[in-house]
Every structure is written in C-alpha cells, then in structure tokens.
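Okay, so here's the structure we're looking at.
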C-alpha cells in the first residue's frame with residue numbers, strides 16, 4: 001500500500017521535473033505532456049523490462065493519468081513553482097529517493113537476488129532523469145561530482161538490507177527513502193560529495 | 001494489409017533518414033547500414049518491447065532486408081536525394097505519420113487501453129528519430145518549437161478515436177496518417193507551431 | 001564453455017572502459033560502480049531484451065560481481081592502466097570483438113535467423129560503448145570515420161558464416177573474434193578506415 005503510494009509519488013515528481021524542463025525550454029503543451037510522461041514513467045519502464053514483468057503503465061493506465069494531470073498543472077503553474085529554490089533539483093531528489101526504494105522492492109518481490117535488487121533500484125531511480133536530460137540535451141547529474149547515484153545506491157541498498165533483516169516493507173521503505181533523501185538533500189544544500197578519484201590520487 | 005504496408009513504409013522512410021544522416025557525416029557503407037537499420041526499426045522495437053510482444057524484425061526478417069535495400073540505394077543515390085528540398089525532414093515526416101498510426105494500431109490489437117495506445121503511437125513515432133539524432137549527436141526535433149511531437153500525437157489520437165467509433169482500420173489509418181502528415185508538413189513548410197509556454201506567460 | 005568465458009570477458013573489459021571513463025571524470029566510487037556496470041552489461045541486456053529471453057545478469061548475479069571487482073580494481077589502479085597506450089580504446093576493442101561474437105552466438109542458439117543474428121551481434125557489441133559515451137557526454141566512436149561498427153559487423157558476420165558451415169562454436173568464436181580484433185586494432189594503430197561516402201563522390 002505504501003509502496004503503491006511511493007510508486008505514484010515517484011512517477012508524479014519525476015513528471016514534475018519533466019514538465020519544468022519543458023517550461024524552461026518554452027515548449028508547447030504536447031511537449032509538456034511528452035516530457036512529463038517519459039520522465040515520469042521512464043525509470044519504472046526500464047525496471048519492468050529488465051525484470052521481464054509487464055510494464056506497469058500498460059497494465060494500469062492510472063499512471064498515465066497522473067502524468068497528464070501533472071502536465072496540465074505545470075502548464076498553468078510552472079512559473080509559480082520556479083519561485084521556489086531549485087524546484088527541479090528538489091523534485092528530482094524526491095523522485096530518486098522514491099524510485100530507488102520502489103525499484104529494489106519490486107525486484108525483491110519478483111524474487112530476484114540482493115545484488116540485482118540494488119542495481120534495479122539504482123538504475124531505475126536514475127534512468128528517468130537521464131532520459132529527460134538526454135532528450136532535452138542538458139548535462140546530466142550523473143557526471144557531476146555531487147552525491148547523486150550514491151543517494152540512489154544508499155536508498156536501494158538500505159531497503160534491501162532492512163528487508164533482509166525482516167523489517168516490514170513500509171517501515172523499511174520510509175527509512176531507506178529518508179536515507180536517500182538526506183544524502184541527496186545534503187548534496188543540493190551543501191554540495192556534499194564523496195571523494196572523487198583525482199582527489200584521492202593527488203592529495 | 002494496409003497496416004502492414006504502412007509498417008514497411010515507416011521502416012523504409014526512417015531508414016532513409018538514417019542513411020541521409022550517415023551520408024552527411026561521410027561515413028562508410030557499414031555505418032550507412034547501421035544508421036539506416038537502427039533508425040528504421042528503432043521505434044517499432046520500443047513499441048514491441050513495451051507491449052511485451054515479440055520484436056517484429058526478430059519474427060520477420062523482411063524488415064531487415066528493407067533496411068539493407070534502402071542502405072544500398074542511398075549509398076549510390078544520397079547525393080541525388082539531397083537535390084530535393086529538405087529530404088531528411090520530409091522523409092522523417094512520413095515516418096512519424098506512418099509510425100504514429102501503426103504504433104497506436106498495434107497497441108489496440110494487443111488489447112491495450114486507449115491512453116496506452118496513444119502514448120505507444122507517440123513514443124514509437126518519435127523514438128527512431130531520437131535514436132538517430134542522439135547517435136549522430138545532432139540536435140533533436142523534440143526540443144524545437146515547431147510542431148513535431150504534436151503531429152505524432154494527432155496521428156495516434158485520431159486513429160484511436162476513429163477506431164473507437166468503428167471506422168474500418170484502413171480508412172482510419174489513411175485519415176489519421178493524413179492528419180499527422182498535414183500538421184508536420186505545415187511545420188516544415190510554414191513553421192507551424194503551437195503556442196509555447198513563454199508566449200502564453202508574457203504576452 | 002568458451003562462449004561463456006567470452007561473455008565474462010566482454011562484460012569485464014567493457015566494465016574496464018566504463019571505469020576508465022569514470023576515473024578520467026574524477027568521479028566517486030559509486031559512479032565507478034555505475035559506469036563499469038552499465039557499460040559492462042549494457043550490450044548483453046539489449047541483446048536479451050530484443051531476443052525476448054531473461055536478462056543474463058538477472059538470472060546469474062556473477063556478472064554483477066565481475067563488474068564490482070573491476071570497479072574496485074580500477075579505483076586503485078586506473079592511474080597505472082593509464083600508463084599504457086590508449087587503454088580505453090584497446091579494452092573497448094576487446095569488448096566489441098567478444099560481444100559481437102557472443103551476440104550472434106546467443107541469437108543463433110535461440111533459433112533466430114542469420115540476418116537477425118548478425119544485427120544482434122553488431123548492436124549488442126556497440127551498445128555498451130554508446131551508452132557509456134552518451135552518459136559521460138563524450139563523442140561516440142560510432143560517428144568517427146575509423147573502422148568501428150564494421151569490426152563488429154565482421155566479427156558477427158564471420159561467426160554466423162562459420163557456424164553455418166558447421167565449424168564448432170569455439171573455433172568459430174576464436175576466428176570471428178580475431179577478425180573483429182584485427183580490424184579494430186588496425187583502426188586504432190594505423191587509422192584503418194573504409195571509404196566514406198564523400199570520398200567516393202568527390203574523387
């Protein structure tokens with residue numbers, strides 16, 4: 001149930017980031033729909049293809065309706081959202097956190113092994129944003145020095161660990177999602193980063 | 001039957017656009033084959049993966065032969081084709097129109113719902129070109145202000161609507177394909193565009 | 001058995017190229033893992049999705065362990081590897097050669113036709129590198145004039161031909177892999193290229 005909510009939340013906030021990109025590029029409404037939908041469902045689509053299960057939005061149209069509603073909302077209010085501080089990065093952070101947990105949880109449900117579950121969490125949490133940035137021809141967060149992939153990794157990893165120790169799914173999801181969110185939030189606010197390769201080599 | 005023809009047509013004209021890109025980049029013949037084939041079959045491949053049905057060109061090699069023939073033809077005649085006005089964009093327009101209808105039609109045949117069918121039409125009509133432009137490192141039409149995604153949307157949407165009202169498939173396909181083609185053609189000839197986000201905000 | 005080894009080899013050397021890219025961009029360890037893993041398993045993942053068989057690393061986690069080991073190794077020794085001449089391009093060449101054969105072999109095993117097997121070899125041999133270069137926002141080898149796609153094509157094509165003439169798989173794999181490696185190696189060392197479109201047109 002909570003996982004279901006997390007799933008809608010992940011789709012919705014990634015859809016918001018897609019819509020914000022479309023608004024910054026001054027695109028038309030259909031492009032809003034396109035960017036919001038592809039960013040919203042991209043990560044989960046990759047997850048389901050890799051797991052070999054039916055794609056979630058083909059099974060349940062409600063996810064597409066969520067993207068449609070988000071697009072309409074942003075078409076009218078994107079200028080308002082831009083008054084917040086770094087709205088795109090914060091929505092993206094919520095999306096990464098929610099999806100990293102969801103990706104791992106769905107992989108565990110399908111019965112896959114721990115490493116696979118972690119990788120599924122990481123790749124599906126980051127894929128929507130990569131898709132959005134590639135299509136919009138913006139530099140992707142993947143290659144920045146800030147914590148990004150690591151936050152997804154921490155979220156997926158903690159969920160898998162907690163689930164392994166028998167923690168009930170919704171508690172594990174909240175804890176793991178918070179871990180990812182705190183790491184990514186710290187990166188946005190304070191530029192948190194792990195030591196990069198060069199820093200370690202040339203002290 | 002007509003849908004079958006539209007499918008070959010979509011593959012062939014997208015293959016033409018891939019070959020034109022290869023010729024403009026002065027690539028060798030194998031690269032012609034590569035670009036023509038990936039652009040030609042890219043959209044349909046995504047469609048089949050998402051629908052969870054066997055990939056069309058794995059089932060029926062004839063599509064690969066079409067791409068091979070197109071590549072050989074372009075290797076000899078790309079310079080002739082370039083004498084036409086904007087050959088790449090017109091071939092791409094035919095491809096988008098044919099694929100938007102085909103994507104929606106195949107999704108409806110598999111029994112999916114209306115929103116899914118429209119999204120399938122849009123994403124598969126645009127994916128081949130996105131793949132081509134990304135691999136060739138050219139700016140994609142997706143983020144231009146001209147009507148592009150909207151034409152695919154109109155094509156897929158009209159097909160789904162017409163099919164819903166009981167219009168026979170081949171009539172629906174011709175009508176819907178024409179709608180997409182007229183919109184995209186108008187964009188190429190006259191720069192047709194929908195109002196973008198900024199225009200509406202700052203009148 | 002040899003095919004199995006080739007498969008691990010392909011994954012490992014592509015993982016090496018992913019790790020080298022991460023080290024050149026001074027990324028953190030999690031990013032090493034991410035680039036190494038996605039580059040290592042990208043091509044085979046596409047192959048399995050297209051063939052409609054379960055994704056190899058979801059079935060067998062050992063491939064992920066290979067990527068993990070490669071990442072740890074590179075995190076400590078990437079600076080040593082960089083002392084070699086063009087390590088990224090040579091590792092990539094081994095990966096392309098191994099994967100072009102593996103892609104074709106797996107497609108033939110699943111019972112697909114010859115053209116499909118060749119295309120599967122080519123696209124899966126090149127996909128990992130394209131994914132790596134796209135995510136890292138580096139120019140891809142696909143659009144350079146040097147022999148690259150052609151080497152994958154020669155590898156996959158020779159394997160399919162040899163298998164067709166009844167050559168035992170491991171001999172066919174060694175021969176076909178060598179063909180690809182020689183072509184790509186010649187391109188790296190001597191800039192071998194096939195005649196491009198423009199050269200033929202304006203002699």
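Even glycines carry a Cβ here, placed using N, Cα and C.
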Stretch carrying transmembrane segment according to TrEMBL (options B:62-78, B:79-95): B:62-78
Local confidence of the domain 'Glycine transporter' (B:5-78) - pLDDT mean: 91
Beyond the flanks of the transmembrane segment (B:6-22) by at least 6 residues, Cβ under 8 Å: 31-32, 34-44, 56, 62-63, 66-67, 70-71, 73-75, 78, 81-82, 87-88, 91-92, 94-95, 98-99, 101-102, 128-129, 132, 136, 138, 173, 177
